[in-house]
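K.L.:
Per Swiss-Prot, coiled coil is recorded for 130-214, 256-460, 533-602, and the stated evidence type is sequence analysis. Per Swiss-Prot, compositional bias 'Pro residues' is recorded for 35-52. The S-palmitoyl cysteine feature in Swiss-Prot is assigned to CYS100; the stated evidence is experimental evidence. Positions annotated as phosphoserine by Swiss-Prot: SER3, SER17, SER19, SER232, SER312. Annotated N6-acetyllysine per Swiss-Prot: LYS21, in sequence order, evidence recorded as similarity to another entry. Look at Swiss-Prot and you will find 1-106 tagged as topological domain 'Cytoplasmic'. What Swiss-Prot records for 128-602 is topological domain 'Extracellular', and it gives sequence analysis as the kind of evidence.
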Amino acid sequence: MPSAKQRGSKGGHGAASPSEKGAHPSGGADDVAKKPPPAPQQPPPPPAPHPQQHPQQHPQNQAHGKGGHRGGGGGGGKSSSSSSASAAAAAAAASSSASCSRRLGRALNFLFYLALVAAAAFSGWCVHHVLEEVQQVRRSHQDFSRQREELGQGLQGVEQKVQSLQATFGTFESILRSSQHKQDLTEKAVKQGESEVSRISEVLQKLQNEILKDLSDGIHVVKDARERDFTSLENTVEERLTELTKSINDNIAIFTEVQKRSQKEINDMKAKVASLEESEGNKQDLKALKEAVKEIQTSAKSREWDMEALRSTLQTMESDIYTEVRELVSLKQEQQAFKEAADTERLALQALTEKLLRSEESVSRLPEEIRRLEEELRQLKSDSHGPKEDGGFRHSEAFEALQQKSQGLDSRLQHVEDGVLSMQVASARQTESLESLLSKSQEHEQRLAALQGRLEGLGSSEADQDGLASTVRSLGETQLVLYGDVEELKRSVGELPSTVESLQKVQEQVHTLLSQDQAQAARLPPQDFLDRLSSLDNLKASVSQVEADLKMLRTAVDSLVAYSVKIETNENNLESAKGLLDDLRNDLDRLFVKVEKIHEKV
């Protein structure tokens, strides 16, 4: 505020100086014209600048005073100019004071708004800080509630364990009560046995006394009888002796029976006493059990960890077993596909054998046709040696017949060539299929070896093992059947060389006939015979190719036989793996039983 007052005073003196120096009054009007219009919404200036107007009035008064002096000195003409200058100076002073007040109001408004913004920012920061603290309190409260829930769950588990321990102690107390009751019963039985033993001893004592009395009475009677009659004495002595012996025997029998009964009761008592000793041992066992329960409570946590580890291992073992079962199923499917491929190959071999039989039949018919050709050639020779008159006509007829026969032979040879070509194609297909079968068999061997290595440590279900064994056996049976078919094919191939030899003989005969009948062959078109010879050569080459293909088939069959032997070894390995799986299953059952016992103890 003092600075504002100083600024106002400086502005007042500055505005009054032109009037004192005699400045032109138009300067104030120009300044007033150059000033911008006031803002429409400018707030009213604060009342603080009002004291600044008092120092501004002094220059005006001074100006008026000076003007008065000047006017008084200069005359009436100068008084009007001085009044206008004073009015201009007053307007300039008023405009400068208004601009200063406006600037000061703007600065104060800016400071006020800046303070409001700072207060709002500070309040927002405080609210944000308070919200973060509230969130932290909520989080801590949630953590505390979670800890309370966990503690509640732990307390519930402890309560359950305490209840189970109470139940076990209740059972132990019931067992103790039953053992005490049995002990009371045994004590009562011991007392009863002692009373019976005392009663038996009393009875025996009475019997002894009675016997002694009888003996003493008998002795007295004998003494009296001696005096009376010796004969009657003997009779009475004998009677009394017999009676005494009977009574003694009866008493001895009774005594033995009583002794046996007493011995049985004593044995029963001994057994009961032993059971009582066992009950005392049970007390000691109960104490040991209490200590063991405490130890179990202390080691329960470690056992829980062990149980979790066992569960995890069992789950991993189950997952591995499931994967192995899936692999076994896939292997079973592949073996079924292999079986189907073997069946198809068997059918192809059967078709090939049928084609071979047909070719053999056609080849077996060739010698007859060649014989017919020889006969026709002989007839042609005989016709050629006949009279020359009918030679042209007969020659033409023979030539036509020979052409017809050659055409028939060509058709038959073409049929044979077609059969041989089909046999070649079938043999090529057979070799390709056998190669594919060999590759598949090698893959199966590798997979079986890998599966056997895995099955040494893991187990699978008996149904899958039985199914795998059955599939392997069926595959072995199909391979045996295929082996039989291939053996038949070998036999048929073994018969092929004889047919080739017969074809060679026929070819030689044809060559000889052609050499003998060169003149007749010169008349006939030789190109047909050359074609026939070339067809026979082609037939021979095709037959040799068939022999080579059949040799390849033999090697493939031998490899299949070796593969069947490998399959038998794989079956044996699978049986051994099955035994290992049974052992593993038994070990797993024992492990489960141990785990259940641990659960029961816990």
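A Cβ is built for glycine as well, from the same backbone N, Cα and C atoms used for every other residue.
Keep in mind that this is a model prediction, so the values were computed, not measured.
Have a look at these and tell me how they're positioned relative to everything else.
P.N.:
Every protein chain considered, the tally of other Cβ atoms within 10 Å of the Cβ of CYS100 (S-palmitoyl cysteine) stands at 19.
According to DSSP, SER312 (phosphoserine) is assigned to a helical segment.
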K.L.:
What whole-number Å value do you get for the CA-CA distance of SER312 (phosphoserine) and CYS100 (S-palmitoyl cysteine)?
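P.N.:
If we compare the Cα positions of SER312 (phosphoserine) and CYS100 (S-palmitoyl cysteine), the gap is 88 Å.
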K.L.:
Enter the number of other CB atoms within 10 angstroms of the CB of SER312 (phosphoserine).
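P.N.:
Other Cβ atoms found within 10 Å: 10.
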